[in-house]
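Enquirer: In case it helps, Swiss-Prot gives these features for our protein:
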ACT_SITE  His223  active site
ACT_SITE  Asp376  active site
BINDING   Arg108, Tyr116, Ser123  protoporphyrin IX binding site
BINDING   Cys189, Cys396, Cys399, Cys404  [2Fe-2S] cluster binding site
MOD_RES   Lys50  N6-acetyllysine
MOD_RES   Lys131  N6-succinyllysine
MOD_RES   Lys283  N6-succinyllysine
MOD_RES   Lys283  N6-acetyllysine
MOD_RES   Lys408  N6-succinyllysine
MOD_RES   Lys408  N6-acetyllysine
REGION    41-62  region 'Disordered'
TRANSIT   1-47  transit peptide
Amino acid sequence: MAAALRSAGVLLRDRLLYGGSRACQPRRCQSGAATAAAATETAQRARSPKPQAQPGNRKPRTGILMLNMGGPETVEEVQDFLQRLFLDQDLMTLPVQDKLGPFIAKRRTPKIQEQYRRIGGGSPIKMWTSKQGEGMVKLLDELSPHTAPHKYYIGFRYVHPLTEEAIEEMERDGLERAVAFTQYPQYSCSTTGSSLNAIYRYYNEVGRKPTMKWSTIDRWPTHPLLIQCFADHILKELDHFPPEKRREVVILFSAHSLPMSVVNRGDPYPQEVGATVQRVMDKLGYSNPYRLVWQSKVGPMPWLGPQTDEAIKGLCKRGRKNILLVPIAFTSDHIETLYELDIEYSQVLASECGLENIRRAESLNGNPLFSKALADLVHSHLQSKERCSTQLTLSCPLCVNPTCRETKSFFTSQQL
């Protein structure tokens, strides 16, 4: 057990944070008062009310389950969030996980709580997901009256409302159609795959078939409106750099990294993130030098690289001191944008390296065009009569998780 604890402590140190605003100001330009005000605003936004019922209390016909990992809204929720995360075998496998997971969660809680305090006391991801869902279903009712009324549901893996709780609410509402809509544009077995597995497990464990017809939007890395949103936010942020420096700004597209052991099993995530980056740069006319980098590496084992912080250091050493960070795999702000990118990299690391200007492109958050993208994705999906993407039907060539096969069978067997 001691050896297992030491091993897990190394593998899971410091940055395994999953949770979802503003762009960072140039280095050393934001005052302490401004930082405190921003943190207070983030805390207020994080403690948002639950999603409202369908307007007019009309019985919903089509439900859209918005899938994500979620994030603690208060520091008091951090330990439960971490415990669920460390117990998720779709995300990671540990020795004696039922004992080791809670142990690590308890040990990590104080440090992670302090990081959430630094961003205002909680994650705003639920608030942003609610706003995005509201905008999406409003547009859907206009775009697709024959599948209306539409209602969105939030299904988080590690905080309330949990995926299982959302499914129970959907069953009570008596829906005809249910769309499992991942909020990760790029598919990974550890994110979207874990959420889809949770849907299969729910029905398998309760021992009954769904009363509604399920399908899933399991990836959307190159949707035109998603690409337009990213391009718009990049252009907006580039305008804040000094005019004489603008063309030499290095754009660093930062995505959550993955262990190479997962990648080598055939997880499609790296290719799909790369596809998003290429489409965005094509939209921008390749106006600036750019790289795809990876953040949040944990432990000594090989992960996708280069790491975001190492890339920043390397560029600075080579005289490239104007950098724009773009969170390309996150659509809403959370701990990895607000703390890791905005504080660890844009404040602490930037000061250590001597960067001239570093900014972070705003997350998609409440952008109306992003709500339009979500509505268009669901509308097109409902019209297509597809159960899932063709890619979802293909298991990773070296898959080691038998639940994945059962989940794929669950969705492909639905009679729409």
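A Cβ is built for glycine as well, from the same backbone N, Cα and C atoms used for every other residue.
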Enquirer: Return only the integer: C-alpha distance in Å from Cys396 ([2Fe-2S] cluster binding site) to Lys408 (N6-succinyllysine).
Expert: 12
Enquirer: When the Cα of Ser123 (protoporphyrin IX binding site) is compared with the Cα of each of the recorded positions Asp376, Cys399, Cys404, which one is closest?
Expert: Asp376
Enquirer: Among His223, Asp376, Lys408, these being the recorded positions, pick the one whose CA is nearest to that of Arg108 (protoporphyrin IX binding site).
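Expert: Checked the recorded positions His223, Asp376, Lys408; minimum Cα distance to Arg108 (protoporphyrin IX binding site) goes to Lys408.
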Enquirer: CA-CA, which of the recorded positions Tyr116, His223, Lys283 lies nearest Cys404 ([2Fe-2S] cluster binding site)?
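Expert: The smallest Cα gap between Cys404 ([2Fe-2S] cluster binding site) and any of the recorded positions is with His223.
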Enquirer: So around the [2Fe-2S] cluster site, Cys189, Cys396, Cys399, Cys404 aside, which residues have their CB within 8 A of the centroid of those CB atoms?
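Expert: Neighbours within 8 Å of the Cβ centroid, excluding Cys189, Cys396, Cys399, Cys404: Gly193, Arg265, Gly266, Asp267, Ser395, Val400, Asn401.
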Enquirer: Using a 10 Å radius around its CB, how many other CB atoms surround Lys131 (N6-succinyllysine)?
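Expert: Around the Cβ of Lys131 (N6-succinyllysine), 19 other Cβ atoms lie within 10 Å.
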Enquirer: How many other Cβ atoms are found within 10 Å of the Cβ atom of Lys408 (N6-succinyllysine), counting all protein chains shown?
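Expert: Looking across every protein chain shown, the total is 21.
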Enquirer: Just how many other Cβ atoms lie inside 10 Å of the Cβ on Cys189 ([2Fe-2S] cluster binding site)?
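Expert: That number is 24.
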Enquirer: What does DSSP assign Asp376 (active site), in three states?
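Expert: Where Asp376 (active site) sits, the three-state DSSP reduction gives helix.
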Enquirer: Would you pick out, from the recorded positions Arg108, His223, Lys283, the residue whose Cβ has the largest number of other Cβ atoms within 10 Å?
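Expert: The largest 10 Å Cβ neighbour count belongs to Arg108.
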Enquirer: Compare the Cα of His223 (active site) against each of the recorded positions Tyr116, Cys189, Lys283, Asp376, Lys408 and report the nearest.
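Expert: So, of the listed recorded positions, the one sitting closest to His223 (active site) is Asp376.
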Enquirer: What is the interatomic distance between the Cα atoms of Asp376 (active site) and Lys408 (N6-succinyllysine), given in whole Å?
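Expert: So the Cα of Lys408 (N6-succinyllysine) lies 24 Å away from that of Asp376 (active site).
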Enquirer: Where does Ser123 (protoporphyrin IX binding site) sit in DSSP terms: helix, strand, or coil?
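Expert: Its secondary structure by DSSP: coil.
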Enquirer: Far apart in sequence but close in space: which same-chain residues, 6 or more away, have a Cβ under 8 Å from Cys399 ([2Fe-2S] cluster binding site)?
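Expert: Once residues fewer than 6 apart are set aside, Cys399 ([2Fe-2S] cluster binding site) is near Cys189, Arg265, Gly266, Arg405.
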Enquirer: For Lys131 (N6-succinyllysine), which of these recorded positions sit within 10 Å, Cα to Cα: Tyr116, Lys283, Lys408?
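Expert: Within 10 Å of Lys131 (N6-succinyllysine): none of them.
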